[in-house]
Amino acid sequence: MEEPHSDLSIEPPLSQETFSDLWKLLPENNVLSDSLSPPMDHLLLSPEEVASWLGENPDGDGHVSAAPVSEAPTSAGPALVAPAPATSWPLSSSVPSHKPYRGSYGFEVHFLKSGTAKSVTCTYSPGLNKLFCQLAKTCPVQVWVESPPPPGTRVRALAIYKKSQHMTEVVRRCPHHERCSDSDGLAPPQHLIRVEGNLHAEYVDDRTTFRHSVVVPYEPPEVGSDCTTIHYNYMCNSSCMGGMNRRPILTIITLEDSSGKLLGRDSFEVRVCACPGRDRRTEEENFRKKGGLCPEPTPGNIKRALPTSTSSSPQPKKKPLDAEYFTLKIRGRKNFEILREINEALEFKDAQTEKEPGESRPHSSYPKSKKGQSTSCHKKLMFKREGLDSD
């Protein structure tokens, strides 16, 4: 028991003594003095040096302002709550004109003649001045000029809403189609109109009007051709929610010089749908019912109009028979017999024409074994009866 007491008298190890000495060196409240922490201000850059190093003025008023840490969450809070719809759906400050303008070069836009079959992917209605096409399908548009425009001329395609209450909104694709991986590497995902097979196409986002357009250089017609054809694609359906949302749109095609001066303008309505032929027939029929001018007929429309004309053809045959009698003097027995047979045949034909709808039903009700015999006897009896009546 005495050995432990003797151990207490032994001095602590060197490490413990060093720790205790260091602990005594600390000031009160465990705060280091200024002598132990030299100032670090000489290591910081001045505001002028920061501005010159960045090469630009972040605030735009000549000084660099420090963002307090306490204000960061307050400024970020409202940004998360407010969706800022103006940036996603901007309103244009101006509405471009869509009135046709041929200009001094006789600029016009034409389309190929097409029918209304179910298999068509693009069809144009001249009476409606409307193009019906499928999503992302080729739409050839012919550009006609009477005289060659100056070098550097460009052709621009721009889409706007047709109705006045929607004209200030920018036409763009719906969010679903914007996220689709169908980009060709040139067109931005929000652009509705694209140019197919032209590497010189330029897609423009106007910073003033926020509208989207696509510009291609004007190319003169090839040898043996009178026009230049541009192939456009429409990358969103007219019925897409969040996009056009069943609102009709117009496509404006303009001819511009190298400085952007307008040389010519033309426009047409566009409907992007799943069945262009069916929708064209429906709208043309509705247009006719409202008293509008009939559009130019197409082979498909002519074929569909034939059954209506054949169904109304039996109506002239239902005219009442002529009941007036005439007396004819004939010389010679042989001539009389010939004319009598002709007269009986004509009267039999008139009787069959008048009774044809009603007689077809009782004939079909006879048994198959006696059908041929009964009809032949019936005709002979009628023929004899008609002959007696004629005499």
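Including glycine, each Cβ sits where the backbone N, Cα and C put it.
Copied from Swiss-Prot, the annotated features are:
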MOD_RES   Ser9  phosphoserine
CROSSLNK  Lys24  ubiquitin cross-link
MOD_RES   Ser37  phosphoserine
REGION    64-108  region 'Interaction with WWOX'
REGION    98-298  region 'Required for interaction with ZNF385A'
REGION    114-290  region 'Interaction with AXIN1'
MOD_RES   Lys118  N6-acetyllysine
MOD_RES   Lys137  N6-lactoyllysine
MOD_RES   Ser181  phosphoserine
MOD_RES   Ser267  phosphoserine
CROSSLNK  Lys289  ubiquitin cross-link
CROSSLNK  Lys290  ubiquitin cross-link
MOD_RES   Ser313  phosphoserine
REGION    317-358  region 'Interaction with HIPK2'
MOD_RES   Arg331  omega-N-methylarginine
CROSSLNK  Lys349  ubiquitin cross-link
CROSSLNK  Lys355  ubiquitin cross-link
REGION    357-361  region 'Interaction with USP7'
REGION    366-385  region 'Basic (repression of DNA-binding)'
MOD_RES   Lys368  N6-methyllysine
MOD_RES   Lys370  N6-methyllysine
MOD_RES   Lys379  N6-acetyllysine
MOD_RES   Ser390  phosphoserine
Cα-nearest neighbour of Lys118 (N6-acetyllysine) within the listed recorded positions, Ser181, Ser267, Lys289, Lys349: Lys289
Just how many other Cβ atoms lie inside 10 Å of the Cβ on Ser181 (phosphoserine)? 5
At the Cα level, what's the spacing in Å between Lys24 (ubiquitin cross-link) and Ser181 (phosphoserine), rounded? 70
Nonlocal residues around Ser267 (phosphoserine), in sequence order (Cβ under 8 Å, 6 or more apart): His98, Lys99, Pro100, Leu250, Thr251, Ile252, Ile253
Please name which of the recorded positions listed here, Lys137, Ser181, Arg331, Lys349, is nearest in space to Lys290 (ubiquitin cross-link), Cα against Cα. Lys137
Nearest of the recorded positions to Lys289 (ubiquitin cross-link) by CA-CA distance, picking from Lys137, Ser181, Arg331, Lys349? Lys137
Among the recorded positions Lys137, Lys290, Lys349, which residue has the largest number of other Cβ atoms within 10 Å of its own Cβ? Lys137
Counting across all protein chains present, how many other Cβ atoms fall within 10 Å of the Cβ of Lys118 (N6-acetyllysine)? 9
Given the modified residues Lys137, Ser181, Arg331, state which is nearest to Lys349 (ubiquitin cross-link) when distance is taken between Cα atoms. Arg331
Reported as an integer number of Å, what is the Cα distance between Arg331 (omega-N-methylarginine) and Ser181 (phosphoserine)? 95
C-alpha spacing of Ser181 (phosphoserine) relative to Lys137 (N6-lactoyllysine), in angstrom: 16
